[in-house]
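J.: Let me begin by handing over the structure; questions about it come next.
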Amino acid sequence: MVSADTLRTVVGIIGNVIALGLFFSPLPTFIRIWKKKSVEEFSVIPYVATLLNCMLWMLYGLPIVHPNSTLVLTINCAGTAIEICYVILYLVFSNGPKRVKALLLFLGDLAFVAVVAIIVLIFFHTHDRRSLIVGILCVIFCIIMYLAPLSVMKMVIQTKSVEYMPLSLSVASFLNGLCWTIYALIRFDLYITIPNGLGLLFSMTQLVLHALYYKSTKRQIAERKLKGEVGLTDVVIDDSVKELSIISSHKTEVPSISE
């Protein structure tokens, strides 16, 4: 018989692997930034927001705050390191107002978490109190992050197309939310259950939208390609007609041999 603790550990390890994949998902964007030596129109906000979220969960997972949360601590330490790399790359390849904004947000993240850590560790002396304060903050910021895709889901419903809501990301988000919700329920942890339960619900909604609009998305993409091909054909035909007209006009200017 597998014990609850063993099962929780296995689920947590799977959750770590899936979450790590999600943290690496923006890598193509930063490879593009590296190659072009410019952040172009990319925003730094998703990365500083994820960084803040990871640092708060890292604080929550510390043994002096919430014991027996090693797997929460490990994945959020990794997430913090990855997001810091993203933000540093953004700072290197941005300039002007974008660089200033990114730097201020980055320093704001560090300062906020430092203040929370100092207050919690100095003024609250029990694990329950520390877990309560940091846990509430984690829930708030995690919910804000999970609410972000709502604008994308709204666009999907309006356009009846899931073209800009990648299925792979929706599936990964679903599996991540499922793993961490199960992890939190095995040894009940309210602060992990709430945000991941909501994340699971939102990702399930995304998968339903994929099922509903998969065919219409394929149809729209096919129609766009067809229009592009028709347009190209029109241009080719038009150019051919012009060439024939030019040839014809040249022929009329050739003097008759009988003259």
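Don't overthink the numbers, they just go from 1 along the chain as shown.
Every residue, even glycine, has its Cβ placed from backbone N, Cα and C.
Below are the features listed in TrEMBL for this protein:
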| type | residues | note |
| --- | --- | --- |
| TRANSMEM | 6-24 | transmembrane segment |
| TRANSMEM | 44-65 | transmembrane segment |
| TRANSMEM | 71-92 | transmembrane segment |
| TRANSMEM | 104-126 | transmembrane segment |
| TRANSMEM | 132-152 | transmembrane segment |
| TRANSMEM | 164-186 | transmembrane segment |
| TRANSMEM | 192-214 | transmembrane segment |
J.: How about long-range neighbours of the transmembrane segment (44-65): same chain, 6 or more residues beyond its ends, C-beta under 8 Å?
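T.: Residues 23, 26, 72-74, 76-77, 79-80, 83-84, 86-87, 90, 94, 98, 101-102, 105-106, 108-110, 112-113, 116-117, 120-121, 127, 130-131, 134-135, 137-138, 141-142, 144-145, 148, 191 contact the transmembrane segment (44-65) from elsewhere in the chain.
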J.: Which range out of 104-126, 132-152, 164-186, 192-214 gives the transmembrane segment (6-24) the most CB pairs under 8 Å?
T.: 164-186
J.: Tally Cβ pairs under 8 Å between the transmembrane segment (104-126) and each listed stretch (132-152, 164-186, 192-214), then give the stretch with the top tally.
T.: 132-152
J.: So if I exclude everything within five residues of the ends of the transmembrane segment (192-214), which remaining residues of that chain have a CB under 8 angstroms from its CBs? That is, six or more out.
T.: 72, 138-139, 142-143, 146-147, 149-150, 153, 156-157, 160-162, 165, 167, 170-171, 173-174, 176-178, 180-181, 183-185
